Amino acid sequence: MANKDHAPEHYVTRILAEATLDGARPVVRWRDTVITGTQLDRSVRRVVTALREAGVARDHAVAVLTQVNSPWMLIVRYAAHLVGASVVYITGANHGIVTHELPVATRVRMLREAGASVLVFDESNAQLAETVDETVRDKLVLCGLGHPASGTVSVDGRPVDDVSVDFTPEAPELAMVLYTSGTTGQPKGVCRSFGSWNAAALRGAAYPRPVFLTMTAVSQTVAMIVDTVLAAGGSVLLRERFDPADFLRDVGEHRVTETFMGVAQLYAILGHPDARTADLSSLRHVLYLGCPASPERLREAAALLPGVLAQSYGSTEAGRITVLRAADHERPELLATVGRAVPGVTIAIRDPETGHDLPVGEIGEVVVHGPEVMAGYVADPEHTARVIRDGWVHTGDFGSVDERGYVRLFGRMREVVKVQDTRVSPTEVEKVLVGCPGVVDACVYGHRGPDLIEELHAAVVLGTEGAPSFDTLRDHVARAMTPTHAPIRFVRWRRFPINNTGKVNRLRVREVSAEARGDSPDVLVDR
């Protein structure tokens with residue numbers, strides 16, 4: 001363990017110090033609940049006491065099962081990090097527009113992989129916690145939570161009344177095991193080191209007293225932004241799901257200064273009829289990410305939100321990689337890029353077959369070296385060795401870097417579709433489709449029919465007025481690219497399912513679209 005006399009500041013002590021400077025100040029809002037600085041401090045300290053009674057020590061792991069984006073998700077993590085433990089969230093709902101609960105078996109797998117011996121749960125998940133406990137081979141210590149505003153905690157049914165006041169904060173080796181969103185497959189557990197998490201949380205906010213709105217789960221990397229805001233003396237507004245009307249109302253009512261969303265959510269806001277009349281004047285920083293955005297839609301977004309947009313490209317494994325800053329959004333030629341490397345990150349483009357670095361402008365795999373690179377996949381050293389080689393994360397993304405350092409992405413390496421001997425990037429086709437008037441969002445993918453010939457299919461969300469026909473969409477793609485790039489089958493969705501990082505759940509879209517028929521209540525099919 002590092003010498004504590006020379007240890008860096010613990011981000012949770014900074015958060016609690018800022019929260020209690022004015023203990024009556026609201027610091028967390030959730031539903032109709034307001035948590036003040038004093039309440040946050042006392043709740044964290046009471047959970048510290050509970051975790052100690054449960055036998056939690058440095059480098060142990062704590063599993064958390066609460067309602068999505070409940071304040072308890074923050075409180076328990078802060079307490080666990082103070083006693084030197086890591087956290088794994090098994091709440092796991094792919095919330096957003098559509099909610100899909102994780103099976104018990106998946107929750108148990110996540111808990112076991114992380115090595116958690118303590119399960120902390122809220123009242124709404126008490127029965128599920130018992131089911132998980134009965135399913136796990138080794139008996140868990142169960143810590144129950146009351147309403148977030150009450151701060152009540154119990155250990156195996158015994159109420160915890162004491163509030164830890166004097167203690168020395170510990171620093172765990174791992175901060176969290178983050179499970180990837182599983183947009184295309186089974187979620188994987190990514191180990192994030194406490195050192196990199198702590199440094200990121202303490203880097204400071206861009207503006208004093210920020211008010212941050214999150215509509216994506218704080219079980220994911222948005223939690224790092226929440227920590228940065230609270231450590232800077234700001235406040236956070238936690239929402240359980242995304243709705244464009246709610247977003248517009250929240251920004252005006254709570255004078256939100258910063259927010260975080262997926263590209264699909266940004267598109268939904270642009271398409272809302274009240275977007276042009278809502279009061280968005282308080283916004284100073286709108287960070288969006290998840291996939292490359294259509295330049296046409298970004299021009300529309302920049303007109304609605306001038307001077308505040310920033311696009312981030314990153315991954316759970318690599319952390320932040322690039323940023324397209326607000327000033328970059330004023331230059332049309334840069335809107336097809338995802339920006340330049342963030343400070344401390346080095347990007348290389350390598351030949352996927354030879355591993356050699358490629359020259360400027362050539363397309364290859366994006367590989368990354370930086371301070372937020374994961375420690376590895378939990379309980380999977382072989383997969384870790386494939387993804388991290390000599391300290392470089394192999395992202396699996398096709399991309400290129402121009403002479404100024406701007407990165408352009410061309411889709412996932414394994415998602416390239418071969419149509420009539422032509423390699424087609426679904427991401428590039430999606431950008432063209434979303435650039436067509438009347439298209440809100442698009443998801444393009446490969447499909448093999450009975451003859452096993454690969455075809456290009458597309459799922460689209462269309463606007464309520466002036467929606468283009470499927471033939472119009474085919475012609476639009478054929479003119480902008482080639483006829484080979486035009487999808488032969490379209491499925492119209494009312495809205496796409498969104499996972500807990502704000503990305504479109506591509507696997508779900510493909511599965512439902514493949515089974516869809518013309519009489520489906522959710523989709524309209526054309527071929």
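For all residues, glycine too, the Cβ spot is worked out from N, Cα and C.
Feature annotations, courtesy of Swiss-Prot:
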BINDING   180-188, 312-317, D397, R412, K503  ATP binding site
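Where Swiss-Prot records a feature, it is marked here on the structure.
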{"residue": "S312", "record": "ATP binding site", "contacts (Cβ under 8 Å, 6+ apart)": "L287, Y288, L289, R320, I321, T322, V323, L324, V338, G339"}
{"residue": "S315", "record": "ATP binding site", "contacts (Cβ under 8 Å, 6+ apart)": "I321, V393, T395"}
{"residue": "D397", "record": "ATP binding site", "contacts (Cβ under 8 Å, 6+ apart)": "E365, V366, L409, F410, G411, R412, M413"}
Measure from the Cβ of T180 (ATP binding site) and count the other Cβ atoms within 10 Å, all protein chains considered. 19
Reduced to three states, what secondary structure does DSSP give S315 (ATP binding site)? strand
